[in-house]
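Engineer: Straight out of TrEMBL:
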type: ACT_SITE; residues: HIS104; note: active site, proton acceptor
type: BINDING; residues: GLU43, ASP44, ILE106, ASN157, ASP158, ASN213; note: Ca(2+) binding site
Amino acid sequence: MIFECLDLALLQLYKLIYEDHSDLEPVELPNCQLIKGIERGAEDIDILPDGLAFISSGLKYPGLKSFAPDKPGEIFLMDLNDENPRAVELRISRGFDLASFNPHGISTYIDKDDSVYLFVVNHPEFKSTVEVFKFVEDENSLVHLKTVRHELLSSVNDIVALGPDHFYATNDHYFFDSILMYVELFLGLAWSNVVYYSPTEVKEVASGFYSANGINISPDKKYVYIADLMAHRVHVMEKHANWSLTQLKVSDLPLRTRA
């Protein structure tokens, strides 16, 4: 029975990705150029106010093809102020397990003393952790500070840093087992969520998403934006003093097709 469900789920997923989107209208963007050195793909990007951009690369994820399955992931840095920006791999401090590094979503936080912290969603052995680094610009390096694990951070996709030790994170699936993930998609279960983490409190702050994916926060820190990938929607949430979120608006993002 489980294999019949899996076959149906794979068929449904194929239709969602390919068949239903086959008539999308292509859009050409001006002034684009290829950035060399990131041949294994760029998963996420976060840009500091001064134009320095961090890029996570090399994600290996259930159901997705990996272009270098035996090579660990990397974090790159680019200076967008350069006329011809190039990607430079950041060195990571000793003691961190580079061999299992599998970076997904990332987020930066600038502290009051101008220290820059980089939060990285990591999937060592296809589990979910959050790695906290301190960026040392003079050395083009990341100093690993700690690894965050919690049962509520079960299938983390993206993250938005709120301070040097707390953040919001999206779980894109209720299950992380690859077979159960496909079944979850096929059955249309809106079980994914958003979690708030701090050293003293961890809690679910939003739920009911088909696949909570990207997350970000407004410049004034009052609103949080959550992308529900499978529903083609962006949820606008109000952030409260106790870090809970309440929904203000949902924006549907219909696919644009040829007339």
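The backbone N, Cα and C atoms fix where each Cβ goes, glycine too.
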Engineer: Please work out which residue of ASN157, ASN213 has the most C-beta neighbours within 10 angstroms of its C-beta, and give that one of the binding-site residues.
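Structural biologist: Its Cβ has the most other Cβ atoms within 10 Å: ASN157.
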Engineer: Far apart in sequence but close in space: which same-chain residues, 6 or more away, have a Cβ under 8 Å from HIS104 (active site, proton acceptor)?
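Structural biologist: HIS104 (active site, proton acceptor) has long-range Cβ partners GLU43, ASP44, SER56, LEU59, TYR61, VAL120, VAL121, ASN122, HIS123, VAL156, ASN157, ASP158.
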Engineer: Identify all same-chain residues not among GLU43, ASP44, ILE106, ASN157, ASP158, ASN213 whose C-beta atom falls within 8 angstroms of the centroid of the Ca(2+) site's C-beta atoms; report them in sequence order.
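Structural biologist: Those within range, site residues removed, are SER56, HIS104, GLY105, VAL121, ILE159, GLY214.
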Engineer: Run through the Cβ atoms and count how many others sit within 10 Å of the one on GLU43 (Ca(2+) binding site).
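Structural biologist: Here the count is 20.
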Engineer: List the residues of the same chain that sit at least 6 positions away from ILE106 (Ca(2+) binding site) in sequence and have their Cβ under 8 Å from its Cβ, in sequence order, or write 'none'.
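Structural biologist: Sequence-distant Cβ neighbours: ASP44, ILE45, ASP46, PHE54, SER56, ILE75, LEU118, PHE119, VAL120, VAL121, ILE159.
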Engineer: Count the other Cβ atoms sitting within 10 Å of the Cβ of ASP44 (Ca(2+) binding site), across every protein chain shown.
Structural biologist: 20
